[in-house]
Amino acid sequence: MRKILSSDTIRLLIPALSLTILLISVFYLQPRAMSYTGLNLLFNLSVPIALATIAQMLIMTVNDLDLSMGTFVSFIACVAATFLQATPVLGILILAAAVATYAAMGVLIHVRNLPSIVVTLGMSFVWGGLAVLILPAPGGQAPEWIRAVMISKPPFVPMAIIASITIAVVSHFLIMRSSFGVILRGVGGNARSVERAGWSIIRARAATYALAAVFAILAGISLVGLTTAADANIALRYTLLSIAGVILGGGEFTGGRVSPIGAVIGALTLTLAGSFLSFLRISPDWQIGAQGAILIVVLGLRLLLNRLERREKRA
Amino acid sequence: MTRLAALARRPWIWSFVAALTVWAATILFTGGSSTVGLSQAALTFAAFSILVGIGQMFVITLGPGNIDLCVPATMTLAGTVALKFMDVDNTLILPGLIVAIAIGVAVGIGNYALIKLLQIPPIIATLSMSFIVQSTAIWTNRGLRIKPPEALAKFTTETSFGIPNVAFVALVLSVLAYVLLQRTVYGRWIAAIGQSIRAARMAGIPVDGTRFVTYILCAVLAAICGYLLASFSGGAALNMGSEYLLMSIAVVVIGGTAVAGGDSNVPGIWGASLFMFLVVSMLNTYGAGAGIRLIMTGLIIIAVIVLAGGRNPNQR
């Protein structure tokens, strides 16, 4: 029994369990949610959050933290709703420049040995300013093809679920199964030993940041596909949501211990928590507070299961 | 010359140099006509950042991962409840302050209880706590803007000897914080925990007690700041703390406190807070729009950290 469940599986079990419990309670409160349309509505907004969470998780893999995630996703949403829609070539160039900026940020943080929190804090002002310049007032229009993808209705399984599973599987293979992923996690775990083994840490960091930017860009584009219009403050919550999602999914701030599947589940849990609260008819005053309480309960649950695991090991 | 070199090695000097440069650039642009007004405004607004910055500095000094995201929510709740309690009555100013401090203590205890009992990383624990505190503030506030007592509003908005009263409050609390950090056992304990929590524990330092007190201290300072800010701006608003989340972190780090913990710096917070306000007002004087202003603020933060942060990467 003890052999079958590795500690990584247990790490994944807790977020999965909390999601299931939350889903069952939602179904209990509102049986009509148990349908194709219901599920789609419940999880629709989780797609961009899941992508942003994966982006944040990549940054956390190399022991950094990105406080500019929310403003960056907002900026991308603004670009997608304006340039990418009107002049696709220019739009793609801007997105490429954004990826390059992220890679440069990674290099800068590494070379000058800077705290990532402060650099990304500064960048959050920059992205916010750029977004305000592009769209001073809410507006713009989502490109047709994104809209088509986001509202498409594949048979049997809603788009939101298919997208979430795809994100989880792709990032799992990228981070947990590829040699690139192993180096990334190695940088988070013990940078010196990775360096001694002959890999360039600068290159690894730059690649991590660039990849994170790609996921964040996908988050911004998919968000615009759902909302059809953008606004400079559209995704500010994503900074904290993405960090909370990674932690809920069993990731850690240091040591390169992350779980992509867990991160996606964490993002789904956070999205569902919002719907759960509105089904409970909690007064709007307490909605945010109850979200905090759910976060605490889930993490408390994790502690409990961790204790059980340790006791089992000792026995 | 050696004295100058020794000064240049102080981590806090850079934030003051930056603040002075920006101050001079603004004054030059306006031809010196705004010197007094600008300096007073800078001291007033910096005072609020200094108060929350000092609290955040104590927490950050505790070491990697320690951060208090609950600061804005605490400010809002303390400001709201204190003003509601005082109900424009001048005689209740002091009890009102005590109410604000009590809220700070309660939030601090809540924060550390989550961190310790549930073993949640501080960033997530204080984030969850801030959701709950913010909800409580929404519930008590109900969108009403309660006015502060007249005497208190007067105190927070006026100056004595040409210097804003709130700057004096910030100065007194900064000196206290400096003494606490540099001259007391408690201050040494914080630094020791920040440098190595294992070593601190083996040296017999009461790690849990010290961290507990530090989180309470940070919340209390945020509460005092909320109390003063609400009185200064003529009433508590639900979003009054929001800009102080990033601000409290930015002033600590620009001020030269090590983000990795174990090395704190009170004077730097003054330089950084003045700098942060002056940058925005400089860009305003130059007539920059909101977008440009944000971009410049961000680039300047990064420039300062690149110039100052990479001074001696081999240290530690």
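Glycine is no exception: its Cβ is also placed from the backbone N, Cα and C atoms.
Same-chain neighbours of the transmembrane segment (B:12-29): 35, 38-39, 42, 254-256, 265, 267-268, 270-272, 274-275, 278-279, 281-282, 285-286, 300, 304, 307-308, counting only residues six or more beyond its ends whose CB sits under 8 Å from a CB of the stretch. The transmembrane segment annotation in TrEMBL covers B:12-29 (among others).
Taken from TrEMBL, the feature transmembrane segment covers B:41-62 (among others). Here the transmembrane segment (B:41-62) has long-range neighbours at 23, 68, 71, 75, 122, 163-164, 166-167, 169-170, 173-174, 177, 181, 190-191, 193-194, 210-211, 214-215, 217-222, 224-225, 228-229, 232, 244, 247-249, 251-253, 255, 257-259, 261-266, 269-270, 272-274, 276-278, 281, meaning same-chain residues at least 6 beyond its ends whose C-beta is under 8 angstroms from one of its own.
Annotation source TrEMBL lists transmembrane segment at B:92-115 (among others).
What TrEMBL records for B:122-141 (among others) is transmembrane segment.
TrEMBL lists B:161-181 (among others) with the feature transmembrane segment.
Among the features that TrEMBL reports, transmembrane segment is placed at B:212-232 (among others).
Positions annotated as transmembrane segment by TrEMBL: B:244-262 (among others). With a threshold of 8 Å between CB atoms, the same-chain residues lying at least 6 positions outside the transmembrane segment (B:244-262) that come near it are 10-12, 14-15, 18, 48-50, 52-53, 55-57, 60-64, 66-69, 71-72, 75, 191-196, 222, 225, 268-273, 275-276, 301, 304-305, 308, 316.
Residues or ranges marked as transmembrane segment by TrEMBL: B:269-286 (among others). Within the same chain, residues 12-19, 22-23, 25-26, 29-30, 34, 38, 41-43, 45-47, 49-50, 53-54, 57, 174, 247, 250-255, 257, 292-293, 296-297, 300, 304 sit at least 6 positions outside the transmembrane segment (B:269-286) and bring their C-beta atoms closer than 8 Å to a C-beta of that stretch.
The feature transmembrane segment is assigned by TrEMBL to B:292-310 (among others).
When each of B:161-181, B:212-232, B:292-310 is checked for Cβ pairs under 8 Å to the transmembrane segment (B:92-115), B:212-232 comes out on top.
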